[in-house]
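First up is the structure itself, then whatever we jot down about it.
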Amino acid sequence: MAALSHRLRSFTRRFSSTRTTQRSGGGANTKVPILYTSPDIDSDPVTLQLFSWGRGASGQLGGGIEEIRMYPSPVANLLFRSDQSFSLAQTPGRIDADSSSFRIGISCGLFHSGLTIDGDLWIWGKGDGGRLGFGQENSVFVPNLNPLFEEHSIRCIALGGLHSVALTHQGDVFTWGYGGFGALGHKVYTRELVPRRVDDSWDCKISAIATSGTHTAAITESGELYMWGREEGDGRLGLGPGRGPNEGGGLSVPSKVKALTVPVASVSCGGFFTMALTKEGQLWNWGANSNYELGRGDNLGGWEPMPVPSLEGVRITQIACGGYHSLALTEEGKVLSWGHGGHGQLGSSSLRNQKVPTEIEALADKKIVFIASGGSSSAAITDGGELWMWGNAKDFQLGVPGLPEIQTTPVEVNFLTEEDECQPHKVISISIGASHALCLVSRSP
């Protein structure tokens, strides 16, 4: 792994000064790097591929240059023994029920991307503010191993607009990047060029994290929710009046959401609102609601956490916040959407806002097992490994060439290139940024 890390760092330096923007379906490099190979690999390995697409002007696509990828193209390969098992890293909004220690996860920030493999963190993209955590602010155009986590095994990551958050297997939270919004949780509103541990405000280990462009959340093993970051009167932190000395502009240290009267298992941070999910599948939310992103039937927002009235008795297994819209996945595999629909992100064949959670009819005949939201786009993965996307397609972030800039209904994303030779594939995870996306695809020999 050390030799591989050295090769990739050299590879990064070769391309980091490139300023040519290309429009293509693939990256500049014909050979896809291998970021992980299982010990004692057999002759019939399983390949897990990382794909990217959309706008990559800051290197967030990981192809080595500034480019636009109109459809999914490989970034890296991970090789596993045919008998080796792994699980997905904890994803914001998704209840983590797997106890496996070998985890793989992805996350898209505004203009940067990350991949976790068995405790290691690979990160790339725009470096302004120190969001990559390498001690400087240079952009990185290919996946680069962050050596500062060699002593801390990473469980999962959540990338924000100008900052990054990581959770270790020991239950510690690390943040780095731009600190002007207070989203780092370090008391002072300054940038951090390298990962820094958030001082404990909680009594036990952290089990889940989430972040947006300006606020961050963490859940303890006992189900208590802590939040910090920017607050502009919308109530996104859920802390209410008298939350701290700097309550007018937010809170730069973690504070317990005392008004949330039930233990929660997962959390997702939207543009100006927050959603949390209990182990029993009950959805709570709070914050801004001018676009009906809380799904309560009116546009009255506020800091006080409340359950969604129309979802009483409905068991939710995953939630996903967009900039101004929300998604929820039911136990039966149905996708519900509500909030702002101006970019088609609700998947309802309309641009109208939706006041309450409504099933996406175009996916009604499919069983969905995973959902994701970007700023104004959405995605769903079926139990058969198909990927469907909808919403804002201006920067090709839906991965399907030829779409209108606003795609109001789900379209299937294909994964066929000359090198694939039409091998069977199964999408297992997706993350969406502002104008790009990543996914993990399992390929059979």
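For all residues, glycine too, the Cβ spot is worked out from N, Cα and C.
Lifted from Swiss-Prot, the feature list:
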- 1-22: transit peptide (TRANSIT)
- 47-101: repeat 'RCC1 1' (REPEAT)
- 118-169: repeat 'RCC1 2' (REPEAT)
- 171-221: repeat 'RCC1 3' (REPEAT)
- 222-279: repeat 'RCC1 4' (REPEAT)
- 280-331: repeat 'RCC1 5' (REPEAT)
- 333-383: repeat 'RCC1 6' (REPEAT)
- 385-442: repeat 'RCC1 7' (REPEAT)
Secondary structure composition of the repeat 'RCC1 1' (47-101) [DSSP: H/G/I, E/B, coil]: 0 helix, 28 strand, 27 coil
Leading stretch by Cβ pairs under 8 Å, where the reference is the repeat 'RCC1 4' (222-279) and the options are 47-101, 118-169, 333-383, 385-442: 47-101
DSSP helix/strand/coil residue counts for the repeat 'RCC1 4' (222-279): 0 helix, 22 strand, 36 coil
Integer average pLDDT (0 to 100) for the repeat 'RCC1 1' (47-101): 92
